[in-house]
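Copied over from Swiss-Prot, here are the features:
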DISULFID  95-100  disulfide bond
SIGNAL    1-24  signal peptide
């Protein structure tokens, strides 16, 4: 009887620590292969679309400027296009830099 009373707090602790299915994936940081695995899990047979920018495009704003067809002083339209491109949120920004939910991942399914 005394042994059972000693294990009662441990049993209560284990019950409280049990993960609940609905809370197992609320919001998480997902990067690299973890992000791809989560997309496979969420999208299943539908598949998903993901076109990452190259490191050069991310690090060098002049590359994006040249791709828009201009150089320095090309005009306000080019400046506006660059600003919109910077504000555009991709899946990496949503899930790796910030946190995302399964519902946000579903937006990237086909």
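In case you wondered, yes, glycine gets a Cβ from its N, Cα and C as well.
Within 10 Å of the C-beta of residue 95 (disulfide bond) we count 23 further C-beta atoms, all protein chains included. Under DSSP, residue 95 (disulfide bond) is assigned to a helix (H, G or I) in the three-state scheme.
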